[in-house]
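**Student:** Take this structure, written in structure tokens, and hold onto it; I'll ask about it next.
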Ligand SMILES: Nc1ncnc2c1ncn2[C@@H]1O[C@H](COP(=O)(O)OP(=O)(O)OP(=O)(O)O)[C@@H](O)[C@H]1O
Ligand SMILES: Nc1ncnc2c1ncn2[C@@H]1O[C@H](COP(=O)(O)OP(=O)(O)OP(=O)(O)O)[C@@H](O)[C@H]1O
Ligand SMILES: [Mg+2]
Ligand SMILES: [Mg+2]
């Protein structure tokens, strides 16, 4: 049942040099239009580190979810970095993607009177009032991934650290575009809800395509429930047989889409954002994942911890720190894994990679 | 007046062989002592009637026999072997089959499926042998003359047919002891005979039958021995031949001043005072003319204020439908209803109740009571509005109301907060009655009003009905118990096939047999086997 | 017989208020659930130094407000023998409609509040009418409505959240306080009191119980069971609307995708509180307890620093255990 | 009297096999639902040129496989008068346990399949025993289990997905095909056939109906209602486990956070198919139809390019309308 006419398979695909795709510097500007700093710009001097240790500080973390690799790497690296510096993490809360739950989580964290809170907001509007309470309670606040609307630097929050969402969206689109023939069609599978981080990625992809590949026709669809992304993506391809490549807004729905396409027998290349463990495995096993715009999770988390510690000892942290996009193809898969996860790729990924041509 | 109760009469020597032997059996529910050490035994081939007032403990004994309830003390021997059933399955395995007072059927399954429930014949692959179930059920129903369709879904059947299904289910199992707890409460004479025949057939095979009933006439028709319970104790066991109606009644209700009176009444002397203030030419409380729908095919009748009118007919003749039409539960397609001369088109019970109509329905479980609620809550239900003050529900008013009803109807319960589901069957029926006690209805519709009610209480209920009539209520009674109609009514309308055939005065019939004849004569339908 | 009846009358006569109170509190479930609740509170007080404090109790109150308020309405619906799966979507739609009304009217907060409540009540009315007039199982009607209301909420602005800029609105439903008690808690208490009054003391409450206990018997007693059920849905819808106002006020904005899945928490609170899913039995205070129990678990486990995965396990186990023990004779 | 009995007898007397077939198909709901389904198919065929094609039908089959398989089990549970909210979590836990077994055993796919099924059955057993032995409402038991199973699934690897590297496993449950029919669809058909046989033709099926129709009557008839209910839960758990295998095989990995919220789709399919939430009535083919109907709606609307927000509205409305019409006399 191969309904799409895509002739290209992994083997015959043109190889992309990931390095050439990575944007020079950062694509997006900060929430208030500020120029971003790089993660490497925030670090502690020995003297500052001593001050931190002497402070016996306590911090809390409010996550939007705990069920994805992003969250796991973030919390692991944050905890490790804080521990090294004698800062105690008193609690990590899981909002389960619910704004109303995060509002309560923040109240609970504030209740425990930490010196600072790091938060990944579920959304940039509904949690704003809750996050603004952190500063009002005299605690330091470092925002991760996005800054809720209306919060002011440096009164309401002391730093914001993000992945370059726009850059990531662009990287994925650019790599996928290499597989789209002149005048061909690219499908974008977006998230149906209004979320800053995912909006940025879509924007980055569309802007790059409009500027660099105006010949490509862009068709879009969206899912509201990530668990149903497979059905949506699969049917999207069925309805639009001209689609030569799918760009999916993050890795979990991309995996659903890949699995649906496989079932349908449709050989369509996919590009996405976020290098999760399972996506890495899929790619290593030979799935046609052209490219991934990966977040440098470890760097980002270290920057978050450093920004928090600087604020805790009264130093000024940059208002906007962005981790540049990391372009991942099969050719730099295991290395990229190490960059993202701060640990070598597990054996089964390495082994699978060995059996897949072009995979390293 | 109360002296001649035969409780001192010696228990006759029991037959040598005993199917069931119960001694010193005790059972308490919370603080209620349902059985306080009863004795009972059953011989092969006999029909042993078990009698007693509502709440005397009859059903409780049966539940212990059936393995539904466990006893607190005492012994139970089946075929001389001491047993203690922990589940209905064990009791069944020991050869007991029970027809419960409160039907225990699966409404969503067919008659045949219910009859074979729990003992379906099956193939080697575990598949139910559908056709075998059907054919065996059919053959059985034909043999015993049960007018039942094996394919009908039980939940769709009228109550009487459901009861019949239950009986068929018990008879069809390979039993040695058959226990029937008020099996005829919803049957009329014709169907009753079908059951009696069936019972005689099985006793001829040596099966022993325990027969619980409040229709004392049946005792004499069917049983060889009688055991009477009162307040959880055995009053005595007597050969039926030694008893007459009067001694039976006084054994049941005990040394009460009214015992003799009740016995007289039960023996059937008609309405004592014919106090119908029927001013000739006055407007009838209820008038129906040419009323018809899918099931009714022409109903004409008039009931005067203060009159008790009866509706007689076989099951399915449409008596219930007539009452339902008046109560707004059915929309007539043609014909007219009038209440006190005013055209009456109730859109539902709300309208009917507003017009002063009350209904005691035939199925107290399904239609009459909220089983999980208390007596008080149930009795308050049709009178919520009058019990409301400024949006506040008057708990005091409801309490008074239920208290008065419990007193007047002698409802045996711990208090008004007792959940009606835990009451004995007869007492539940009294609660349904209590719902319409106050304020007085203009028109009271009674569908089998004394189903499962003991003789004493039945007389109390008759008193209440007569009193209501005396104070001006028009009463329309449906009853399959013809003696009841003869006792209560000034006039009786015969219903057949959805039509009112004729209306007769009480004086025109001098006996139950005469009425029975009237109901059945020229009846084109006799209970037969479905093709 | 008359003896028992009399003693009953006496027993009832002496202290009706105590009895009533017991009934109010108890529902189906004996006191062990209360004991379990108390044990939890004591355990958390030892486990976390910050748990037992008035400010934390206010947190718990605020965090459970939405669920409690809607659960009060859901108690009516479930006792009447139905279910409402659409409450979370109704909440979102009501919040959006309130926020849009405030935005369009240039900050008229009262108009917004009215719009929110009316939207909720309207959704409830549609649920009720479809369920009763077309005789469709309410599970399906409200499942359909779950999608419809959410879809409309999302389409109103093309999924964009609507910011509310009205200090009065924020204060009235979100951040204001009366005698130090935050507005959402004050509103919750009022809803509980009204709900308990209507369910347990009013005539309408009697109708709800009878309708769920045995709809046929209720109809035969002259109760308009359709109207009763419909009203129960309207109450629930309006309360979901009220919850939408609170959430919007607290967040200073309405999001169309908010509160997804909340219906399960709401129904869980009701059932945990002893109301029977099959109708006819239940109590408002039981529901409140159920909601608080879930809230205390969430709060206490978070304060103890239990990981969110372990929280799932512990919460599930405690809910089962609490009910299991309270079911024991 | 005999009139009704006779006419009833006549109606029934014609053809027992036809009746049985009808019963099989019908459940509670008349044929209009089938008509509605047919109308949908015709409408989508006109609306989208690619809808009516065997490859798209295979797509729909694959997309609905998980829901259909679990819904077959759920039909047993709901007919028996209970409910199982934990199926999605059970699916995830079973998938994880299968994947871990394969990983640990160095690629023994049969061991993995056994582990997955056993895990599902075990969760079902626990659900059943807690529900029947402790007499806790299954809503609460399985709500608790929803959290417990998910929590355990997440904690097994600290939320990390487990990659499965077994071509045989991928093929058997995911990508293989028999006569051009993909494995998941083949498995679904087998499950449907077995489910229909057991529910409608076996004695166990009878017991399930009787238990849900009137548990007391069933008990009085010597049926062990506890065992019957427990078995229904075990079946559902095992089928959720089977669904977990399929999902894992298709994704080449097990993710602990997968399939959240699937229970609502499953229950919706069952109820839409005419099974009564109050127990005692229902049919496997109805359930299959319900699941397909939801699947066709999802697929057709997506093919037509309807936005995901509008889909919510349209789907909700069509579900209500279909049931409403089928309920009309
Ligand atoms: N489940 C129960 N809980 C509490 N009390 C009960 C329960 N079942 C029966 N009783 C009480 O036990 C007593 C005996 O009841 P039982 O049903 O045996 O009476 P009965 O002789 O069958 O009466 P009837 O002729 O009205 O059917 C009654 O007072 C009744 O209220
Ligand atoms: N075939 C049927 N299917 C469904 N309901 C029926 C059927 N026949 C009767 N009923 C309903 O069952 C109830 C009793 O009907 P039935 O025909 O027994 O009335 P009846 O003539 O008053 O007989 P009785 O009062 O002696 O039982 C009524 O509510 C009637 O509408
Ligand atoms: Mg009895
Ligand atoms: Mg009748």
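Numbers here mean position along the shown chain, with the first residue as 1.
Cβ coordinates are placed from backbone N, Cα and C, and glycine is handled just like the others.
From a predicted model like this one, the values you see are computed outputs, not experimental measurements.
For reference, TrEMBL lists these features for the protein:
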{"type": "TRANSMEM", "residues": "D:31-52", "note": "transmembrane segment"}
{"type": "TRANSMEM", "residues": "D:64-87", "note": "transmembrane segment"}
{"type": "TRANSMEM", "residues": "D:107-126", "note": "transmembrane segment"}
{"type": "TRANSMEM", "residues": "D:133-156", "note": "transmembrane segment"}
{"type": "TRANSMEM", "residues": "D:176-199", "note": "transmembrane segment"}
{"type": "TRANSMEM", "residues": "D:231-252", "note": "transmembrane segment"}
{"type": "TRANSMEM", "residues": "D:258-278", "note": "transmembrane segment"}
{"type": "TRANSMEM", "residues": "D:285-304", "note": "transmembrane segment"}
{"type": "TRANSMEM", "residues": "D:310-326", "note": "transmembrane segment"}
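Help me understand the surroundings of these features in the structure.
**Tutor:** With a threshold of 8 Å between CB atoms, the same-chain residues lying at least 6 positions outside the transmembrane segment (D:107-126) that come near it are 84, 86, 90-91, 93-95, 97-101, 145, 149, 164-166, 168-169, 172-173, 230, 233-242, 244-245, 248.
Among residues of the same chain six or more beyond the transmembrane segment (D:133-156), those with a C-beta under 8 A of the stretch's C-beta atoms are 77, 82-86, 88-90, 92-93, 95-97, 100, 123, 126-127, 226, 233, 256-257, 260, 263.
Outside the transmembrane segment (D:285-304) by six or more residues, the chain places 24-29, 33-34, 36-37, 40-41, 43-44, 47-48, 50-51, 56, 59-60, 63-64, 67-68, 71-72, 74-75, 192, 196, 265, 268-275, 310-311, 314-315, 318-319, 322 with a CB less than 8 A from a CB of the stretch.
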**Student:** Going through D:31-52, D:64-87, D:176-199, D:231-252, D:258-278 one by one, which has the most CB pairs that fall under 8 Å from the transmembrane segment (D:310-326)?
**Tutor:** D:31-52
**Student:** Can you tell me which of D:31-52, D:176-199, D:258-278 gets the most C-beta pairs within less than 8 Å of the transmembrane segment (D:231-252)?
**Tutor:** D:176-199
**Student:** List, by number or range, the same-chain residues at least 6 past the transmembrane segment (D:176-199) whose CB is under 8 A from its CB atoms?
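**Tutor:** For the transmembrane segment (D:176-199), the sequence-distant neighbours (Cβ-Cβ under 8 Å, at least 6 residues beyond its ends) are 24, 58, 61-62, 64-66, 68-69, 72-73, 75-76, 79, 170, 205, 208, 239, 242, 246, 249-250, 283-285, 288.
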**Student:** Six or more residues beyond either end and a Cβ under 8 Å away: which residues meet both conditions relative to the transmembrane segment (D:258-278)?
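**Tutor:** Result: 26-29, 33, 66-68, 70-71, 74-75, 78-79, 81, 83-88, 91-92, 95, 146, 150, 212, 247, 251, 285-291, 293-294, 319, 322-323.
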**Student:** Which sequence-distant residues neighbour the transmembrane segment (D:64-87)? Criterion: at least 6 residues beyond either end, Cβ under 8 Å.
**Tutor:** 123-124, 127, 131, 138-139, 142-143, 145-146, 149, 184-185, 187-188, 191-192, 195, 199, 208-209, 211-212, 215, 228-229, 232-233, 235-240, 242-243, 246-247, 259, 262-263, 265-267, 269-271, 273, 275-284, 287-288, 290-292, 294-295
**Student:** Can you tell me which parts of the same chain pack against the transmembrane segment (D:31-52), counting only residues 6+ beyond its ends and a CB-CB cutoff under 8 A?
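**Tutor:** Tertiary neighbours of the transmembrane segment (D:31-52) are 25, 272, 274, 286, 289, 292-293, 296-297, 299-300, 303-304, 318, 321-323, 325-326, 328.
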